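According to TrEMBL, the protein carries these features:
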- A:14-37: transmembrane segment (TRANSMEM)
- A:38-554: domain 'Cytochrome oxidase subunit I profile' (DOMAIN)
- A:58-78: transmembrane segment (TRANSMEM)
- A:98-119: transmembrane segment (TRANSMEM)
- A:185-205: transmembrane segment (TRANSMEM)
- A:226-248: transmembrane segment (TRANSMEM)
- A:283-301: transmembrane segment (TRANSMEM)
- A:313-332: transmembrane segment (TRANSMEM)
- A:344-364: transmembrane segment (TRANSMEM)
- A:376-399: transmembrane segment (TRANSMEM)
- A:419-436: transmembrane segment (TRANSMEM)
- A:448-469: transmembrane segment (TRANSMEM)
- A:489-514: transmembrane segment (TRANSMEM)
Amino acid sequence: MEFFERFMIPHPSFLIYVSMVLIVLVSVALVAVITYFKLWGYLWREWITTVDHKKIGIMYLLMALLMLFRGGVDAIMLRYQLSMPENTFLDAQHYNEVFTTHGVVMILFMAMPFITFFFNYLVPLQIGARDVAFPRLNNLSFWLFFMGAMLFNLSFVVGGSPDAGWTSYFPLADNEFSTSVGTNYYMIAIQIAGIGTLMTGINFITTIMKMRAPGMTLFKMPMFTWSALIANLIIVFAFPVLTVALAMGTMDRLFDTKFFAIGNGGMDMLWANLFWVWGHPEVYILILPAFGIFSEVISTFARRNLYGYKSMVWSMIVISVFAFTVWTHHFFTMGQGAFTNSIFSITTMAIAVPTGVKIFNWLFTLYKGKIEFTTPMLYAVHFIPLFTLGGVTGVMLAMSAADYQYHNTMFLVAHFHNVIIPGVVYAMLAGFTFYWPKMFGFMLNEKIGKATVWVMSTGFLLAFMPMYITGLDGQARRMYTYSESTGFSTLNMVSFVGAGIMAVSFIMLVWNIWYSFKNSPRNIGSDPWDARGLEWATHTPIPAYNFAITPDVTDSTSEAFWDMKKKGTQIFKGEIKKIHMPNYSGVPFIMSCGFFLLGFSLIFSMWIPAIVGLIVILAGMAHRSFEKDHGYYIPEEDVKATEKQYEKRGAK
Amino acid sequence: MAKYFPLGQVMGFVFSLILTGLALLVHFTDMSMKTGMIVLLVTAFLQAGLQFAIFMHAGETKDKWSIYSNIVYGFAMVIITILGTLLILLWDM
């Protein structure tokens, strides 16, 4: 019995008990359904062991939507708690746990898999490759991310949630002040998911550098691929910092080292420093692919090629350098001198310049375009003004002297939601709607889609504009309640209503998927949007080998498919030959189960199962080292037969 | 025969021995802490660059441009991070 006591929740409540029951019921139901329909073999053969970048992408997408739901529920709880003064819906401890979870889930387990979904799904198609450079590593990346996310989501029902904020600053995050295992969950779950992300970064840099179609020079890559390249470059240089910081934090908590402790030569400020050395580049890891998606969407529906391709690329390259020079603006008030703050104020304002260049490029692309207001375009058109507003308040926060006023108020909260929601989330949903027909062979309903955008923007404005005002009036961030006399109550109620409207837009999104699945026509061909990039040049649904003949874009521009349609440029030259493909493998999944076991055991300081987990991981690596796996060939006849089937259906 | 002789590699090996010898001087002679550190840092980075270019074949393929720019980028980011951290936590605290 004593053994099991460690898994108890230190601070339970009725809601948590309800969630426990629900989790058990849903898990049992899921297992029952899969067993009843005999789907275990199918899942294992087609999804769990897959190395196909398209399927891995779709699994990332599912995770992202699931986590969007989880983070969204947290957000509604937070807004409801603050909607009235002296509200008792959540107590201080639960409020801390919920905002910590909301932040971590939304950034690391919603936004990150969403952009990774786009990397996976689009990059090989846009560069005319058959798969990524290291397909099996890609599978491992996904499962590490999945295990990290599951571990983190387990925390609130087993052992207690992390409660030190998504930034988890020391000394608060140290054992002295965070006594439950919650912060262990934070350190280890993010570590596991982070290793997966690091692998993704290496994988995609290699893919883009080495596997581009013949004739595709760097400056002929589609804009999304460029943004993916830069984002992955930043991943490879920023994530190791997080890995090291988390490892040091883990050691502080588990083995009583003193890296971030207050006494004994430790330095708590070093955590904040390292966290943001990773944390600020992370912002650009999220936003650059989002910009890439918007570039694709805007040029497609303005029916013009992207204005200023080269300046777009150079602004991203400049951002990749500047991203690493601004991190101090997250803690202007930590106590360093005015000299340091001034330097980082200037670099922060400077980074607004390349971002501004991109905004103007999109505006000039729209200028004199034949704009077509489809759902993805509507997201993009809403993005430009809303994101600019977020950018301007960002420049306000960049002024270090003024930041002493805004720091840790709702003004800051409003600012970063103002850039992340219209920036990242809108881009992800625009891309999601835009590429949906390519993935599943039918369109999402346009009417519901457009309504969703309007509802979402309305909710967004109502939810976050009041925070700017209450923030300037002094409402502190992360405070679980306030008194009537502060006068914050009306605006916070408005904010809650806005959050509710945003929840409605999420339900509309889900409803749209269901409605379109039932009603949308399936004979839409492979190019329903009249799009421009190479990714649209293949069939729908995309065959496992992507392109029967490797495209050759020597004679085309960065919009190879458009050139093919409008100028008759040949991309597919030569004959169909046998195609080399990578084999599926179950080892990465088993390895990531080892990671899960290792992580879970470390969280509760159970050393023997931790060693078992570690052995599983090492055994998987050893197996890979000695394994001979040269992939397989799809014979010429099979490729021809598949292609003929597509022709018969008139898909091309 | 001359064109098969790996002159670059041999010279690289000789240079790396010389650099190692220079670094060893710090231990065997009576330098001040400051001079010693300077010698060590300079020889260490020269050694790393030498190994990278000659024995890890960085410059021998068509993509040497991307390999070198990647190194330069990484190097610049590390320097910025270290100097920035020192500035924040020590020099201007």
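Heads up, the Cβ atoms here are built off N, Cα and C, so glycines get one too.
Keep in mind that what you see is a predicted model, and the values were worked out from it rather than measured.
The average pLDDT computed over the domain 'Cytochrome oxidase subunit I profile' (A:38-554) stands at 94. At the 8 Å Cβ threshold, with sequence separation of at least 6, the transmembrane segment (A:489-514) comes into contact with the transmembrane segment (A:58-78) through 3 or more pairs. Contact between the transmembrane segment (A:58-78) and the transmembrane segment (A:98-119) holds: at least three of their C-beta pairs are under 8 Å, each pair 6 or more apart in sequence. Packing against the transmembrane segment (A:98-119) from elsewhere in the chain are residues 57-58, 60-61, 63-64, 67-68, 70-71, 74-75, 77-78, 90, 141, 145, 148-149, 152-153, 155-156, 161-168, 182, 186, 190, 193-194, 197, 200, 204, 224, 228, 231-232, 282, 285-286, 289-290, 292-293, 420, 424-425, 428, 431, 478: each is 6 or more residues past its ends and has a CB under 8 Å from a CB in it.
In terms of C-beta pairs under 8 Å, the stretch of A:283-301, A:344-364, A:376-399, A:419-436, A:448-469 lying closest in packing to the transmembrane segment (A:226-248) is A:283-301. Between the transmembrane segment (A:313-332) and the stretches A:344-364, A:376-399, A:448-469, it is A:344-364 that has the most C-beta pairs under 8 angstroms.
Within the same chain, residues 79, 373, 375, 378-379, 382, 386, 393, 410-411, 413-415, 417-418, 421-422, 426, 429, 433, 475, 491-492, 494-505, 508-509, 511-512, 515-516 sit at least 6 positions outside the transmembrane segment (A:448-469) and bring their C-beta atoms closer than 8 Å to a C-beta of that stretch. Sequence-distant contacts of the transmembrane segment (A:376-399), counting only residues of its own chain at least 6 positions beyond either end whose CB sits under 8 Å from a CB of the stretch, comprise 294, 297-298, 300-301, 329, 345, 348-349, 352, 355-356, 359, 362-363, 406, 411-412, 414-416, 418-419, 421-423, 426-427, 429-431, 433-434, 449-450, 453-454, 457, 460-461, 468.
For the transmembrane segment (A:283-301), the partner stretch with the highest count of Cβ pairs under 8 angstroms, out of A:14-37, A:344-364, A:419-436, is A:419-436. Distant neighbours of the transmembrane segment (A:344-364): 291, 294-295, 298, 306-308, 311-312, 314-316, 318-319, 322-323, 325-329, 332, 380, 384, 387-388, 391, 394-395, 398-400; these residues of the same chain sit at least 6 beyond its ends, with a Cβ under 8 Å from one of its Cβ atoms.
Beyond the ends of the transmembrane segment (A:14-37), by six or more residues, the same chain brings 43, 156-157 to within a C-beta distance below 8 angstroms of the stretch.
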